[in-house]
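Trainee: Mind looking over this structure? Questions follow.
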Amino acid sequence: MAALHMNISCLIFLQVLLLLLSLFAQTNAQGLKVGFYDNTCPKAEGIVKKSVLDAIKKDRTIGAPLLRMFFHDCFVRGCEGSVLLELKNKKDEKNAPPNLSLRGFEIIDNVKAAVEKECPGVVSCSDVLALVARDAVVALNGPSWGVETGRRDGRVTNINEARANLPSPFDNIISLIAQFRSKGLDKKDLVVLSGGHTVGNGHCPLITNRLYNFTGKGDSDPNLDTEYAANLRGRCKPTDTTTALEMDPGSFKTFDKSYFKLVSQRRGFFQSDAALLDNQETKSYVLKQTKSYGSTFFKDFGVSMVKMGRIGVLTGRAGEVRKKCRMVN
């Protein structure tokens, strides 16, 4: 009887141990954790936050591009800062067509310089990007979340990889789901992260086709609300290559929950926004957030941002910690 009791106790102990090891592996599989710099550079996150707040006080429109920059970094080679690198031959990610409208690189430089002054060679550029994205959202009245840090920086940047890996505003739902799945993100992550379009601008060339020649017959996208389409045509002429329009009219400088209502009304700016209504799961999320005025969106956004921030990270001794974000050491 005593032996049986001991065997049961041992079995329970082993099960608990395996569970704990499993949880530990899940939270530390990639070497990331919230507060990674608590001992090596305890003021780092405070420095980043102050720098971002100062920048957005000067120009509130810079918040959305800073968020977008992190997304564009993570989808190409993973979240390892390759979008920041510059090559003399211009064959870097920055010069890929989807990245030509990115801005705010000088803010990243300033944040990195401030952190370097406090703790030389400790905080990576890829972690700076992750922290800046969170702090930009918060500065625009959006949610906060615990940013996992501990990334190291890559040494490679390639213009063709950016062309091949970044989702397009022209993509249909099948393509979007496949691209997100290839990065370890699911349909919920797709629709939640699309909600980032609640801030920022889109440019006329990205919607000209929707407005003037959707099927090659001089027509507009039937999935676009007719009144909204007429409004957009009044502001975007067929040859306009420069005009920027608010993706979330009236609150494009505020990270709020109105994006899903716009999509449900067929007023999503991009084809990729409208595509969210073409899949039952993504459509269901859009309608749920519309009816509840984004009851879970802020929480969900933080969860999906953390998940995206784990894509292809370099940790441990992989990569390096760049001294300047635009060049390898």
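Heads up, the Cβ atoms here are built off N, Cα and C, so glycines get one too.
Found this in TrEMBL, in case it helps:
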| type | residues | note |
| --- | --- | --- |
| SIGNAL | 1-29 | signal peptide |
| DOMAIN | 31-329 | domain 'Plant heme peroxidase family profile' |
| DISULFID | Cys41-Cys119 | disulfide bond |
| SITE | Arg68 | site 'Transition state stabilizer' |
| ACT_SITE | His72 | active site, proton acceptor |
| BINDING | Asp73, Val76, Gly78, Ser82, Glu93 | Ca(2+) 1 binding site |
| DISULFID | Cys74-Cys79 | disulfide bond |
| DISULFID | Cys125-Cys325 | disulfide bond |
| BINDING | Pro167 | substrate binding site |
| BINDING | His197 | heme b binding site |
| BINDING | Thr198, Asp248, Asp256 | Ca(2+) 2 binding site |
| DISULFID | Cys204-Cys236 | disulfide bond |
Trainee: Please report the number of other Cβ atoms within 10 Å of the Cβ of Asp248 (Ca(2+) 2 binding site).
Mentor: 25
Trainee: If you count the C-beta atoms lying within 10 Å of each candidate's C-beta, which of the disulfide-bonded residues Cys41, Cys74, Cys119, Cys125, Cys325 ends up with the smallest number?
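Mentor: Per-residue Cβ counts within 10 Å for the disulfide-bonded residues Cys41, Cys74, Cys119, Cys125, Cys325 bottom out at Cys119.
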Trainee: Restricting to the same chain and to sequence separations of six or more, state which residues have a Cβ under 8 Å from that of Ser82 (Ca(2+) 1 binding site).
Mentor: Asp73, Val76, Glu93, Gly154, Val156, Thr157, Asn158
Trainee: Which one is closest to Cys236 (disulfide bond) in space, judged by CA to CA distance, out of the recorded positions His72, Gly78, Thr198, Asp248?
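Mentor: Spatially nearest to Cys236 (disulfide bond) by Cα position is Asp248.
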Trainee: When the Cα of the residue listed as 'active site, proton acceptor' is compared with the Cα of each of the recorded positions Cys125, Pro167, Thr198, Asp256, which one is closest?
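Mentor: Smallest Cα separation from the residue listed as 'active site, proton acceptor' among Cys125, Pro167, Thr198, Asp256: Pro167.
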Trainee: Measure from the Cα of Cys41 (disulfide bond) to the Cα of every one of the binding-site residues Gly78, His197, Thr198, Asp248, Asp256, then give the nearest.
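Mentor: Comparing Cα positions, the closest of these binding-site residues turns out to be Gly78.
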Trainee: Could you measure between Asp248 (Ca(2+) 2 binding site) and the residue listed as 'heme b binding site' for me? Cα positions, answer in whole angstrom.
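Mentor: On Cα coordinates alone, these residues lie 7 Å apart.
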Trainee: Quick one: of Cys74, Gly78, Cys119, Cys125, Pro167, Cys325, which recorded positions lie within 10 angstroms of the residue listed as 'heme b binding site', measuring between C-alpha atoms? Sequence order, please.
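Mentor: Taking Cys74, Gly78, Cys119, Cys125, Pro167, Cys325 one by one, none has a Cα falling within 10 Å of the residue listed as 'heme b binding site'.
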Trainee: Gly78 (Ca(2+) 1 binding site) has how many other Cβ neighbours within 10 Å of its own Cβ?
Mentor: 20
Trainee: Pop the Cα-Cα gap between Asp256 (Ca(2+) 2 binding site) and Pro167 (substrate binding site) into the table, whole Å please.
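Mentor: Pair distance, Cα basis, whole Å: 23 Å.
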Trainee: Please report the number of other Cβ atoms within 10 Å of the Cβ of Glu93 (Ca(2+) 1 binding site).
Mentor: 28
